[in-house]
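If you look up Swiss-Prot, you'll see 10, 11, 18, 94, 95, 96, 104, 129, 130, 131, 132, 133, 134, 135 marked as ATP binding site, on the strength of sequence analysis. Taken from Swiss-Prot, the feature substrate binding site covers 10, 42, 79, 93, and the record attributes it to sequence analysis. The site 'Transition state stabilizer' feature in Swiss-Prot is assigned to 18; the stated evidence is sequence analysis.
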């Protein structure tokens, strides 16, 4: 039976922190599904279609190089429900610090109750990417700052275009 992992997030935008998680996640599974949460109450910087393209462009080659099948999708329900619908038995979550751990442990506990066959796997962020958040990247880019140290090159170009003029 193939090991299918779901890596959920908003990916608005994709950061080097996300990239760090994906590089390690593809070693844990046979198929990685990156799931973009779409929530009607949120107003993302990038459209759903733009985020899907970004995820495919950045993560697809990493999965291919690792010999891991790769898909990306969207969901607008509970993340654990999305994992079940995708046939995932692994939920991948990145951790930057203790605050992330406290929050993620609560969610993992609830998810385990709702779907005991889906195991949460925590991937600690590498030191170099620990301070990166998509929120901070958006703020820096919006104010004309250089985000090239925090995002893949193609994402830096998209952000520059998004905030041009």
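The backbone N, Cα and C atoms fix where each Cβ goes, glycine too.
Within the same chain, residues at least six positions away from residue 104 (ATP binding site) with a Cβ under 8 Å of its Cβ are 93, 95, 120, 122. Across the fold, the C-alpha of residue 42 (substrate binding site) and the C-alpha of residue 10 (ATP binding site) stand 10 Å from each other. Sequence-distant contacts of residue 18 (ATP binding site), defined by Cβ-Cβ distance under 8 angstroms and a gap of at least six in the same chain, are 9, 11, 58, 59, 94. For residue 10 (ATP binding site), the same-chain residues that are 6 or more apart in sequence and have a Cβ closer than 8 Å to its Cβ are 36, 37, 42, 44, 51, 134. The maximal spread of the substrate binding site, taken as the longest Cα to Cα distance among 10, 42, 79, 93, is 21 Å. Close to residue 79 (substrate binding site) in the fold, though at least 6 residues off in sequence, lie 6, 8, 35, 37, 91, 107, 111, each with a CB less than 8 Å from its CB. In this structure, 42 is the one among the binding-site residues 42, 93, 130 with the smallest number of other Cβ atoms inside 10 Å of its Cβ.
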